[in-house]
Each structure stands twice: as C-alpha cells, then as structure tokens.
Amino acid sequence: MAIAKSVRARAVGLRSLRVLCAQRSVAREFSVLNRPQPNYPGHIPLTPIERGALAIGSAVGSLLNPRRGDLIATVGETTATPFFIYRLRDAMLADPTGRRILRDRPRITSQTLSLPYLRSLPKNTVGYTYATWLDREGVSPDTRSSVQYIDDEECAYVMQRYRECHDFYHAVTGLPIVVEGEIALKAFEFMNTLIPMTGLSVFAAIRLKPEEKQRFWSIHLPWAIRSGLASKELINVYWEEQLERDVNELREELNIEKPPDLRDIRKKVREQKKAAKEAVIKS
C-alpha cells in the first residue's frame, strides 16, 4: 500500500515537473521568430525586452519630434502595462456608464458620428463644439491608430477608447493641436487618467519657444493640474450620448475648467509683435 502511494506521488510529481518544464519551454520559445498567437486582430505580443526597447526608442523619438503621433501612440501602449491601463479599466468597471461603454464597445469615427448632423446642431451643444473644433483644426476622427501592443483584449479597447475620445477633450477645453496646446492637454489628461505617456509628454515643453514656455508654466500647467485633479474620470463619459447637450452644462457636470483661449493669446502676441516691428520701421 505504501509502495503504491509512493508510486502515485512520484507520478504526480513527474507530471507537475513536465508542466513546469513545458511552461518554461514556452517562455523560452517566445522570441522575435516565434510569437504566441495574437489575442485580438492587430495585436503584436512583445517580450519584456522588446517592450522596454520600444518604449525608450519611441519616447526619445517623440521628444525630438512631438508631432509624431505614431511614436506617441507606441509610448502610450508600451508604458501603460502592467498597472496603469488596468487602473483605468477598473475605474470603468466601478462606474455604471463605464461598464456600459465596456459592454457596448462604441467606436468614434466619421462613420459612427454624422459630422454634417453635428454641424447643424445649436452652437451651444457638445456635438457642434466638437465638429467645429475638428473643422477649425483640420483633423478627422479617423486618424487614431489601432492599439497593437497591449496584451489584454479588454484593456486594449480601453486604450483605444481613450485615444478616440482625445479630440472631445480638445473640444471641451478649447485647446488647439499646436504643440503648446497638445502638451497642455496631455498634462490635464495625466492628472485625470494617470496614463504614463501623458505625463511624459510634459517633457516636450523643453522644446517650446521661450514665450511659449512661460505661458505653459504660468498658465496652462497650473490649469492642467487643478482641472485634471478636480474633474471626473473622463474615460467614463459616453460622448455619443452627450452630443445634443449644452457644452457648458457638461463642463460644469464634469467639473472641467476651461483654460484661457490659447489661439486668442497666440494671435494677440503675433499682432503685438507685428505692431512693434512696424513702429520700428516707421521710426
């Protein structure tokens, strides 16, 4: 009897050892030439070394050229795991609207939103504000790239949702897509979402012109910290259901403070410089 128990125990031990060896073998086989199957369409699994290298390279590249949206997107994905994107997903799961968004999986594109209809809405609505902001900045909701480097399929959708809602954040704050405006909005987003890429983007402020730096540090960074911390979790806003609402009412509900109009500020500075230059020429 004792011998039989010993044999069975050894058999169980051997099976456990085989499973452990198989798991280690799979881990060793995960390489550039032998990747696991993707978890969703477009998914590219990465090893920890690949993820780190891609994060560093993309961060440096986006710092040198803040207009490289593809690099910024890559930094966002490679630095969001393992903690930050799960925190954002959990914030959605803890909110009734957030849970509906995760269940419905809406997408924000020119096919899902009728821009001509939004342009026809009253001027005080969220939809009109969003559509006219797109027109003024010359951008489209179709420019957001698909998530590739986040392994969890649900978390990948959360990142995609954040990415596609970004222009709504621009619209309700009024910030333009010039580098100065993007950095200000990223600082606001970091305080609201804690996505590392949004915080890292603030370092791009070192490349601003002196007068732009002064504005950022004195006006827009304090605004971003104050408003980003005070506002509700924006990832839980079902923007598609807010299009006909009064934009000021929504700002108040979300506790979003609108910053000074950056385009007006830049325009006035240009006019002052032009007037000063003309005065010098006349004298």
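Backbone N, Cα and C define each Cβ position, glycine as well.
The Zn(2+) binding site annotation in Swiss-Prot covers His166, Asp167, His170, Glu182. Swiss-Prot lists 1-25 with the feature transit peptide.
The residues near the Zn(2+) site, meaning same-chain residues not in His166, Asp167, His170, Glu182 whose C-beta sits within 8 angstroms of the mean position of the site's C-beta atoms, are Phe168, Tyr169, Leu175, Ile177, Leu185, in sequence order. The Cβ neighbour count for Asp167 (Zn(2+) binding site), using a 10 Å radius over every protein chain in view, is 21. For the recorded site, Asp167 (Zn(2+) binding site), the DSSP three-state label reads helix.
In the three-state DSSP classification, Glu182 (Zn(2+) binding site) falls within a helix.
Taking the Cβ of His170 (Zn(2+) binding site) as centre and 10 Å as the limit, one finds 20 other Cβ atoms among all the protein chains shown.
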